[in-house]
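The next block holds one structure in the form of structure tokens; read it before the comments.
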Amino acid sequence: MGSRSRARQVAAALGFVGLLLAALGAVMIVMVPSIIKQQVLKNVRIDPSSLSFNMWKEIPVPFYLSVYFFDVINPNEILQGQKPQVRERGPYVYREFRHKSNITFNDNDTVSFLEYRSYQFQPHKSRGLESDYIVIPNILVLSASVMMEDRPMSLKLIMTFAFSALGERAFVNRTVGEIMWGYEDPLIHLINKYFPNMFPFKGKFGLFAELNNSDSGLFTVFTGVKDFSRIHLVDKWNGLSKVNFWHSDQCNMINGTSGQMWAPFMTPESSLEFYSPEACRSMKLIYKEQGVFEGIPTFRFVAPNTLFANGSVYPPNEGFCPCMESGIQNVSTCRFNAPLFLSHPHFYNADPVLAEAVSGLHPNTEEHSLFLDIHPVTGIPMNCSVKLQLSLYIKSVKGIGQTGKIEPVVLPLLWFAESGAMEGETLQTFYTQLVLMPKVLHYAQYVLLALGCVLLFIPIVYQIRSQEKCYLFWSSSKKGSKDKEAIQAYSESLMTPAPKGTVLQEARL
């Protein structure tokens, strides 16, 4: 009797525990998604208490700038009107360091900051040295010539004389370091003397001179602390709500983020918008596919075919015109009116006429398309490679002898890939806090519910089995009683004397 009582108590205890576990599992199924969402919102907003704040402030991801130059093989022939021939040189790789300063939190749920960048050459990652010589178009001479095309002949003749006096030619042979970070040029000194605010270059001219050890402008972005719906969106850049480089309000709009983080909880219908000070415009990337980076699920976003399309192909881009062939963007209005063009490397995704006009170009998707891999739950980039090309429109200009007989052509100068991937301790912390723990909680809720249901069945099964035993005992007891009554009745019948006249028959075996 004691063992049966203990079994009943154990079964009841297990049932009670099962009830608690099942209830906890059910509550978790209802509450965990909300808890995870709140934790994500808490940790991705721009707030000193958030997990991602230090990541936002001092980007721990190693970024690399890989630069490829187009070495002009036949400069003299180009001056005679022949087709340009180029050879790709590089990559010349630089480690890019970024840090934010002057961080100021404002009362309207925004934060203002300056982000400084610096670059260090990485010989072990490069295919060549900064001392390598490259033949490129003389950007100052050829761009100034195109800009002066419609000016009076007298001015063009004066310019020809000035170029000759300063020893300026249509093509220059300079080292990688000089092209990147600047070289002394007498024309720059002359311009700075008489037109001091015309160029940002002080004494030296270099394609990346203005980027090294400098900031990309004063960004003011929404923190998401008070209003999650606007998290990371740019409110102003250099105090402006829109720029004035282009010819339409839509093209002048500052849309999206500053290009480092995006709103969490993305779907395949989401897009990535960001403002690029270097391109002087907002850009929009579209969803392509799901993927996995180091065990972390990602969404890959790529450039649409319309990113650099001209106005005739994609009317919303009409504001970026005057346009040439589709696939290149005229950035002259934000680059001192120099005839510079932005595009994908090797004129990938552009009108084939552009690549066919220059020998040595081989556009392909694998090498020349850009992408960003984003963790969709947090909106944080895991892996990215942004690739862009800078080209110069050159042509013969009547009255300027240095331009010779150059046929009109958009000649590539260089292309670069700005790449970075999360790694090391940062990757491990991110994976543990924002991927592994939510995954553990997700599975734990169903395990608890299933285990609770199993334990709940124990007292039920015990009760059923106990009732069966009682029924069997009662049935066997009742049957035994009937048998005893039958035997007793039979015995009494044998002991009773037979009535007179009854003949007893002999029992035979």
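Cβ from N, Cα, C; glycine included.
What Swiss-Prot lists as disulfide bond is Cys251-Cys384, and the listing cites similarity to another entry. Sequence annotations record features per position, and here Swiss-Prot assigns N-linked glycosylation site to Asn102, Asn108, Asn173, Asn212, Asn255, Asn310, Asn330, Asn383 based on sequence analysis. The topological domain 'Cytoplasmic' annotation in Swiss-Prot covers 1-11, 461-509 and rests on sequence analysis. Feature annotation from Swiss-Prot assigns topological domain 'Extracellular' to 33-439. The feature transmembrane segment is assigned by Swiss-Prot to 12-32, 440-460.
Taking CA atoms as the reference points, Asn330 (N-linked glycosylation site) and Asn310 (N-linked glycosylation site) are 9 Å apart. Across the fold, the C-alpha of Asn383 (N-linked glycosylation site) and the C-alpha of Cys251 (disulfide bond) stand 28 Å from each other. If you compare Cα positions, Asn212 (N-linked glycosylation site) sits closest to Asn102 out of the recorded positions Asn102, Cys251, Asn255, Asn310, Cys384. There are 11 other CB atoms within 10 A of the CB of Asn108 (N-linked glycosylation site), with all protein chains counted.
Comparing the Cα of Asn173 (N-linked glycosylation site) with the Cα of every entry in Asn102, Asn108, Cys251, Asn255, Asn310, these being the recorded positions, the smallest distance points to Asn310. Comparing Cys251 (disulfide bond) with Asn310 (N-linked glycosylation site), their Cα atoms are 13 Å apart once rounded. Nearest to Cys384 (disulfide bond) in space, judged by Cα atoms and limited to the glycosylation sites Asn102, Asn108, Asn255, Asn310, is Asn255.
Of all the glycosylation sites listed (Asn102, Asn173, Asn212, Asn255, Asn310), Asn310 sits in the most crowded Cβ setting, with the most other Cβ atoms within 10 Å.
On a Cα basis, Asn310 (N-linked glycosylation site) lies 20 Å away from Asn255 (N-linked glycosylation site).
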